[in-house]
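S.K.: According to TrEMBL:
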| type | residues | note |
| --- | --- | --- |
| BINDING | C:Ser63, C:Asn113, C:Glu156, C:Asn163, C:Tyr187, C:Tyr239, C:Val257 | substrate binding site |
There are 4 protein chains.
Amino acid sequence: MNYNHLIQKVYTKIEAVAPQGEVASYIPELSKINPNKFGVHISTTQNFNFGLGDYQEKFSIQSVSKVISLCLAYKILGETIWKRVDVEPSGTKFNSLLQLEADNGIPRNPFINAGALVICDMLISNLENPEEDLLAFIANLSDHKVEFSLKIAASEKLTGYRNVALCNFIKSLGNIDNEPEVVLDFYFKLCSLEASCEELSQLFLFLANQGKTLHSNLEILTKSQTKRVNAIMQTCGFYDESGEFSFRVGIPGKSGVGGGIMAIHPGKYSIVTWSPKLNEKGNSYKGMRFLEDFTTLTEQSIF
Amino acid sequence: MNYNHLIQKVYTKIEAVAPQGEVASYIPELSKINPNKFGVHISTTQNFNFGLGDYQEKFSIQSVSKVISLCLAYKILGETIWKRVDVEPSGTKFNSLLQLEADNGIPRNPFINAGALVICDMLISNLENPEEDLLAFIANLSDHKVEFSLKIAASEKLTGYRNVALCNFIKSLGNIDNEPEVVLDFYFKLCSLEASCEELSQLFLFLANQGKTLHSNLEILTKSQTKRVNAIMQTCGFYDESGEFSFRVGIPGKSGVGGGIMAIHPGKYSIVTWSPKLNEKGNSYKGMRFLEDFTTLTEQSIF
Amino acid sequence: MNYNHLIQKVYTKIEAVAPQGEVASYIPELSKINPNKFGVHISTTQNFNFGLGDYQEKFSIQSVSKVISLCLAYKILGETIWKRVDVEPSGTKFNSLLQLEADNGIPRNPFINAGALVICDMLISNLENPEEDLLAFIANLSDHKVEFSLKIAASEKLTGYRNVALCNFIKSLGNIDNEPEVVLDFYFKLCSLEASCEELSQLFLFLANQGKTLHSNLEILTKSQTKRVNAIMQTCGFYDESGEFSFRVGIPGKSGVGGGIMAIHPGKYSIVTWSPKLNEKGNSYKGMRFLEDFTTLTEQSIF
Amino acid sequence: MNYNHLIQKVYTKIEAVAPQGEVASYIPELSKINPNKFGVHISTTQNFNFGLGDYQEKFSIQSVSKVISLCLAYKILGETIWKRVDVEPSGTKFNSLLQLEADNGIPRNPFINAGALVICDMLISNLENPEEDLLAFIANLSDHKVEFSLKIAASEKLTGYRNVALCNFIKSLGNIDNEPEVVLDFYFKLCSLEASCEELSQLFLFLANQGKTLHSNLEILTKSQTKRVNAIMQTCGFYDESGEFSFRVGIPGKSGVGGGIMAIHPGKYSIVTWSPKLNEKGNSYKGMRFLEDFTTLTEQSIF
């Protein structure tokens, strides 16, 4: 399939669309971003790479990083991680705190904040130097170097009362082992990772390649684990718009409030879009539009 | 792929497993079923058919029928149906009534009871003879004749206080047009449909075949609509165990409290299992086990 | 205390206030009422009676009747009624259905619709002719004759989907013995009772008189039962504005969507106000204002 | 009324009862208490004082202190406090977090932890030396000296993840002005206050005396404010057992997990009981029993 032609076509169309929604403003650092940024990059299992727009500019990947932390925990701890975090979609926002209480602090899935906090707690308990080991894990995934933004992490820490509440609530329910402050520090670092569309699509290509990196043929996850991570992205990757993304785009993916979306067509490609304005569900408006049109045009989806 | 060999292998293994859980007992008629029944049937887009065990015995398909009503409504009304029913997973059970109230009576998806009731209401408003037209629609899908069980429908009506509550609640919120009693009558009929594994797998084969029947090459749904129905089954087909099914089995499907599960591998096959004992989430224990082992063995999943 | 002077004073002040809010419109019959009606009547345990404004005009007492059904059930069944209905305030509106499910169909108190439906179910099971026996019970309370409005009851039945939902939901949870249709018929009749401020204040005077009628010295409830009914009115009489009424007015009471409020000062008096416009919590705007000013001026409250 | 005789009679009866339930164990310090402690003390507006059992032993008053913080905030800030905290009962436990979110961080009442945290936040913003000023306020209420237990406060701080969660959640919703850590420190101090039954009943006597202390005739609250504090205790003083207390005991009161209960009969007396074993709702088992029997025997209640 001639992906560069198709991407060009859809890019041109979506670029012309006035983005709706607002840039995330809950932390000052994120609100400073130029709302007109728009980049796309695809990496295929056939080693084809193609990008357009601001695809080489680093941005705050935010919750897209929750896929990385999940993969690292899954790699080192295996199926035991599912004793402490479930694989079900979270449903409506009404659900979150009620659900945690009813389920003894077991979050619905590793991609909501509650679940990512529990995954962070696991990593802290099982890694010698959690921050360095996380960066080393990422370094293996591609040739790119990805770093934390200390500015973003500090900004999140200053204003992250909601996450402090969540982490302490789960601690009170018995599903956080370390002190909440330690878990939150690591979590804010994780969210602060910065990468470009190009870097991200190459970094996540192993999820389209049965768990192996393309550049080094390193097994990051087993085939079965890879399938399962993709399955969770499909059902839980877009908060309470996961069904909508599955319905419209038809492949697994994960979004972040920095405006990034990473999506995987198993066996075929990984693709990353970036446009900071978010719809009312907190997902990139242009990114969603781009991916819907792109999968429609390719007539490829997992369904 | 040598499906008959694989099915034989998995069937032998799972047949030996003592089924856990309980037969649905909320209506007397369902509780009378022999709990040891176990059948499997596959139908492929290559026109291969293979069944084992009680695959030719008719059973109460219950909620599997919600896929039929959705497809019929989608066919005749197109994308407008999504104004009255959403495509998001429902989350935990705590959610259902709270969510309906918060969202002005718009159910989360067409596969929970609330959503199926709204779909029934649409069909009643748009079909001349809803019951006959539904059966005629089904008759087109395969060579098989499928009928309502008046006994089951009557039994549901006598004890279906929960569904009466749900339908009147949605009516009070403005998302049911017809009188609740009329909607409920049609809904109970829909749930009472009876078919065998063989019949069901052939009947639903169009969902694996880009929307067209294999035996008559009739377009039931467009390619895009077919993709979307499969996507909704993936995220919403198993109540609050949808994520688990996606995680373990990796293909879209729909279960019913009669013990049936229908699953679709787009482009490849439809498969139906039947075993009446249900796990605590209300899905067939052996059916889930069979499909997990089967997709693991084939190493085929959409992810 | 010179009650007629005080009532005159407060009446003059509140009469001049433009009533805020809306007349109940969920049933056509109620919405036809003249929104400017305003009446007040007090009956004391010293046999003093005084009314102003439209105090002799009958109106639909609606939920004020839930105190009557509770008293009748309490009289004939004693403390056993509390096995099927609790005595706790209901909290926010979010609570109602969630709570019923969590508590196996035991409503929070007898003054929310759920609780009144369960009380109606008890009366049906324990009275030979529920409707006649209810009217006979009321006839004993004072010299006045109170009747159902068949028009109002029919109107409620036609549009009462929410109550149909509630009753069937409780039935499905096992806390309704009779068929929901029978319970609802009786409930709609109960709500349709019509009386004037004068009639109501005399009818409920026994609650201020340690359980005995003043005109006939008949024991309706024991002292202890009377105390308890007043205590429940104090905590649960005004939906999720019960705390506000307790805070501002400081005596037990019960409101209805017909615009009536009945309040009791134990040992002293019963007082009834009527003004159809309701605040956003569903309680009479002018009635609340009147009673707040009245108890402030008398410097009498139970606290 | 011969209160000492009645108290003696009920005390003898309840002392013989084996206390059911468990001593609060969520903080180590509280769990060390001797579960058989039992004390009672009454102080009347006629200056009669009488105690039995362990009525002179200091215990951790815990949430009973929420009445003190409310009175102090009410005194210095007046009716404006109700903009930030409501006066409604909280309903079931399901409610708390859902409700906060729905109501923009406005807690249901000042006696649930959420509400007490908001009151603490007000005090910190409006007092020069919050801790000293609080102790000075208490010192005015009676002749007794009441102190914080630094041990208890430290113990709460170490394990109070739930309160940390709550405070940060309200902060994220905008209804806490100061840093959560500062608010929590003050809150934990407040909860750590220690006093005996005798001291507490004399300290709270002003609530039975129209807002004035008996020993010094100092106006702590106005008549109207006093009425209102009593009204809130009536509807909200016992978590989701407030209705039950109102129903059985019939006077306003406030309990603490240290096993203390303080109750007020307006115009007549304040009474305090202490017995550490708590029923499943978190209220002192023997204390509830004692007060029910006592008010039954006196045939005095506000209803």
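Each Cβ is built from the backbone N, Cα and C atoms, and glycine gets one as well.
Bear in mind that the values here come from a model prediction, so they are computed numbers and not experimental data.
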S.K.: Taking DSSP three-state, what's C:Val257 (substrate binding site) in: helix, strand or coil?
M.R.: coil
S.K.: What residues, ordered by sequence, lie under 8 A Cβ-to-Cβ from C:Tyr239 (substrate binding site) and sit at least six positions away in the same chain?
M.R.: C:Ser90, C:Ile112, C:Ser255, C:Lys281, C:Gly282, C:Asn283
S.K.: Please compare the binding-site residues C:Ser63, C:Asn113, C:Asn163 by how many other CB atoms fall within 10 Å of each one's CB, and tell me which has the fewest.
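M.R.: Counting other Cβ atoms within 10 Å of each of the binding-site residues C:Ser63, C:Asn113, C:Asn163 gives the minimum at C:Asn113.
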S.K.: Helix, strand or coil for C:Asn113 (substrate binding site)? Use DSSP.
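M.R.: Its secondary structure by DSSP: helix.
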S.K.: Measure from the Cβ of C:Tyr187 (substrate binding site) and count the other Cβ atoms within 10 Å, all protein chains considered.
M.R.: 29
S.K.: Please give the substrate site's span as the largest CA-CA distance among C:Ser63, C:Asn113, C:Glu156, C:Asn163, C:Tyr187, C:Tyr239, C:Val257, to the nearest whole angstrom.
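M.R.: 20 Å is the greatest Cα spacing among the residues binding substrate.
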S.K.: What count of other C-beta atoms do you get within 10 angstroms of the C-beta of C:Glu156 (substrate binding site), across all chains shown?
M.R.: 23
S.K.: Three states by DSSP: which one describes C:Ser63 (substrate binding site)?
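M.R.: Assignment for C:Ser63 (substrate binding site) reads helix.
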S.K.: Determine the Cβ neighbour count for C:Val257 (substrate binding site): the number of other Cβ atoms within 10 Å of its Cβ.
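M.R.: The answer is 23.
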